[in-house]
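According to TrEMBL, the features are:
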type: TRANSMEM; residues: 12-31; note: transmembrane segment
type: DOMAIN; residues: 15-142; note: domain 'Archaeal histidine kinase 4TM'
type: TRANSMEM; residues: 43-67; note: transmembrane segment
type: TRANSMEM; residues: 79-99; note: transmembrane segment
type: TRANSMEM; residues: 111-132; note: transmembrane segment
type: DOMAIN; residues: 167-214; note: domain 'Signal transduction histidine kinase dimerisation/phosphoacceptor'
type: REGION; residues: 319-339; note: region 'Disordered'
Amino acid sequence: MAAHSRSRPRWGGAWGVSVIGAGLLVAALAYGGRQFSTDALALYPLVEVGMVVTLCGTILGTGYWLHDSEFTDGDLWRIAIWVGLGIILLVGLTVWQLLTQVSGGVELEDPLLTLVVTQTVGATAGLLVGLYHVQSLRNARAAENAAAAAEEAQAVQEQLAFVHDLVRHHLRNGMHVIQSYTRLLDEHVDDSGAAHLETIERRSQRLVRLVDEMAPLATAIDPDDRQSSVNVRALLERETSHFTVTHPDCRIDVSGPDDVLVRADSLLSAAIETLLRGVIERSTVSGPTVDVEVSTADGQCHIEMAAIGPAIDGGIDQHLLTSSQRGPTADESAGDTDLHVAREVVERYDGELTVDDRTSRPRFVLTVPIDDADQ
């Protein structure tokens, strides 16, 4: 709900309420003046006029208060409309009743007083109904905003947890790559260089420990802003080249069309790296050959990764690949958490991740929509 400062008075609907109150007040005073000008003053009409003047003053004062209230402009117009409807409804009923009496031969005692009182009572009733109506709307909006804020806070919390898991596990994997490079260089440096390699190894291990202790990040990611067209074949070739260093005894063959584009961001490479590593680690063969095949069907790009040889015993908990599990649990291993993060990444692109390690070899299938923006 838009809040309005009390230092900036508004007119519109509040002005309408004030005008109605002022008009009714003028009518009541005019009628009262007419009564005072007559020779025979009746107590009952004067009492009614006094009551009407009081109600008109209340309406006029309420309109002035509404000028600087916290109601929105729309709420003020609703109140003014209710005041007008109250007058129209009650005056209409009164006129119909008076005409009925006249047509029946009844002599009206003071129809003008009746109309003055009726329109004031109608305006007062409309004002009360209008205030109740807009206050109910404000309460409903406040409850709706509170629910939306709570839902947004929950979504942000889930995003923070996701980012934390992504950074923590992917950065740890990067540190493992650095450690693998240092081990490869260990045989090619002299004693003076070995000290530097030891420093790199020690600092990378320290960074891994620091990442494990890192609190959730303070910013959330927007899954839509940084997405662009990504060539799947080029991305796979780039990611598989990293494994020639970290897993020199493994062989990764990539096949499929080289012109398939999907809409994604840099996190897709993290998911592919995680799945490639998962296929290798879940194979019982030492240094397995991994087949990566790209195919398309029904507007979807399918990336299938499978390693030669049976999978390790135990398989993979399927809840890691379902939306009902919104976050990794304390009982999951780092590899399981990596799979959960990979699933979260794929779902950002309206895709899905399936796994089958019950067959003759561990197999992952990553499915994402093809980017047809340029078609």
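Each Cβ is built from the backbone N, Cα and C atoms, and glycine gets one as well.
Per-residue pLDDT, averaged over the domain 'Signal transduction histidine kinase dimerisation/phosphoacceptor' (167-214), rounds to 75. Highlighted: of the candidate stretches 12-31, 43-67, 111-132, 111-132 has the greatest count of Cβ pairs under 8 Å to the transmembrane segment (79-99). Sorting the domain 'Archaeal histidine kinase 4TM' (15-142) by DSSP state (H, G, I as helix; E, B as strand; all else coil) yields 111 helix, 0 strand, 17 coil. Non-local neighbours of the transmembrane segment (111-132) in the same chain are 17, 20-21, 24, 27-28, 31, 45, 48-49, 51-52, 55-56, 58-59, 62, 78-91, 94-95, 98; each lies 6+ residues outside the stretch with a CB under 8 Å from one of its CB atoms. Counting residues of the domain 'Signal transduction histidine kinase dimerisation/phosphoacceptor' (167-214) by DSSP class, helix then strand then coil, yields 44 helix, 0 strand, 4 coil.
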